[in-house]
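Over in TrEMBL, the protein carries these features:
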DOMAIN    18-468  domain 'Major facilitator superfamily (MFS) profile'
TRANSMEM  12-32  transmembrane segment
TRANSMEM  74-92  transmembrane segment
TRANSMEM  104-123  transmembrane segment
TRANSMEM  196-215  transmembrane segment
TRANSMEM  277-299  transmembrane segment
TRANSMEM  311-335  transmembrane segment
TRANSMEM  342-364  transmembrane segment
TRANSMEM  376-402  transmembrane segment
TRANSMEM  414-438  transmembrane segment
TRANSMEM  444-464  transmembrane segment
Amino acid sequence: MGEGVQYNGKITKFVVLSCIIAALGGQIFGYGSSVTGGVTSMESFLKQFFPGIYRKMNEEKQTTSNYCKFDSQVLTFFNSGFLVSGLIATFFASPVTRALGRKASIFIGGVAFFVGSVLGGAANNVYMLIFSRLLLGIGFGFTNQSVPLYLSEMAPPQFRGAFNFGFQLCVANGGLLSSLVNYGTQKIKGGWGWRISLALTAVPALILTISAPFLPETPNSLVQRGSQERSKKMLQKIRGTNDVQAEFDDLIAASNASATIRHPFKKILQRKYRPQLVMSIAIPFFQQVTGINLVAFYAPMLFLTIGSGVSASLMASVFIGISGNLSTFCSLFVVDKLGRKALFRIGGIMMFVPLIIIGGIMAAKLGDQGGLSQAYGISILIFVCIYTAGFALSWGPLAWLVTSEIFPLEIRSAAQSINVAVSFLCTFIIAQLFLAMLCHLKAALFFFFATWLVVMTGFVYIFLPETKDVPIEKMDQIWRAHWFWKRFVCDGEEYEGNSKPEGP
């Protein structure tokens, strides 16, 4: 590890159980963000809430472009409106996570999930639907801010990547579950199956809400709130050994630095925190311009666009979910061996090539009316699965892992809030514009996202240092050693010591 530091400890059952419960927040996020893509492809749902789109799919399909069938800002807001409330909620989550602890934020998120899920299943007008999604967004804001921190702080440093990937594995698992549920519920006679799809999130939400008060608080959070004795006992318990003095000393040193910070959002603007600030903005932005919204929100709609039926499009989403789950599971075993940067490069290639091929097929073979042949439809499904596997191997989990481990304790909650807020904002903008972009750009939309993949892969290769095996409280060393960022970190400390102005 960094400077030869080796902490004692092992993976205990206590830690594994705690992190499994906490990572349920990821499963809810995956299910809640993906389920609407399948629901909005069900004719009974569209007929009740979006009759204009229903007419485009049926009565007006001969005069409506394949690429424009779902072009509706109200529909896209139903899919992505939760990101607005999530963005706002994350800034409330930051002081809660800092002052009351990580599990308090997890509990609040669980309550919001449960209420939003029940309301969505009971909705009888579009306003109830959208309000239920806004409540889910509040839950996402709190859990996405606290769960990655919780996992990073509980896990032993040498296994932190695998533990944090548990969050993304649950996100992928939730997405797969939503596809399976949608495939089953759309066959229910009477056309009310979509209610089950929207309400089912209440089950893991209830488990998370009931379990959150019984979760152990992280040693980092206990120290941050002035409970050093309890923190050391907790550290001994989760590491399975009494000899934790080295790790505890580093934790205390980080906490002492954190205690001097009264305005973390102002503090993060200091020159010495420039690397963390840039990464907290760039990484979540890049994660969203991979084009993952093609799959996360609109996969069934995409396959309806190329001529598949409702059942076939929902089954395609199941195959996509399976590929994402398998790839995420595999990444658990290699992230702490190959390192973060290697996975970013591999994933970038795995996403870039399929997007180029899919865009080429649609540009050459899919016009404004009609559909693709079965062979081309299957080809697109295969390449979408490869693309999803690349995302699940790299930008899916790594965007949360890297940004949860690179921030020093004194700015960690503020930086994570910025990270989540940027992620939600970019996801909302792209999701809200996606159907309109598909209508106007058509197949060129895939080339648009492929171009961004080249940019982001190059950025990570040049500017992101490797964080594998570096203890979370020793992470400042990687910036001091980096050829570009060391000028900001070292100069920033000199400025602070000489009482020079803070800021850019």
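Cβ coordinates are placed from backbone N, Cα and C, and glycine is handled just like the others.
If you look at the transmembrane segment (12-32) against the transmembrane segment (311-335), you find fewer than three C-beta pairs under 8 angstroms, all six or more positions apart, and that falls short of contact. Counting Cβ pairs closer than 8 Å and at least 6 residues apart in sequence, the transmembrane segment (342-364) and the transmembrane segment (196-215) reach fewer than three and form no contact. Contact count against the transmembrane segment (444-464) (Cβ pairs under 8 Å) is highest for 277-299, out of 104-123, 196-215, 277-299, 376-402. Under the criterion of 3 or more C-beta pairs below 8 Å, with sequence separation of 6 or more, the transmembrane segment (376-402) and the transmembrane segment (277-299) qualify as touching.
When the stretches 104-123, 311-335, 414-438 are ranked by Cβ pairs under 8 Å to the transmembrane segment (277-299), first place goes to 414-438. As a quick check, the transmembrane segment (414-438) and the transmembrane segment (196-215) miss the bar of 3 or more Cβ pairs under 8 A, pairs 6 or more apart, so the two do not touch.
Sequence-distant neighbours of the transmembrane segment (311-335) (same chain, 6+ residues past either end, Cβ-Cβ under 8 Å): 34, 37-38, 41, 161-162, 165-166, 168-169, 172-173, 175-180, 182-183, 186-187, 295, 299-304, 343, 381, 384-386, 388-394, 396-398, 401, 468.
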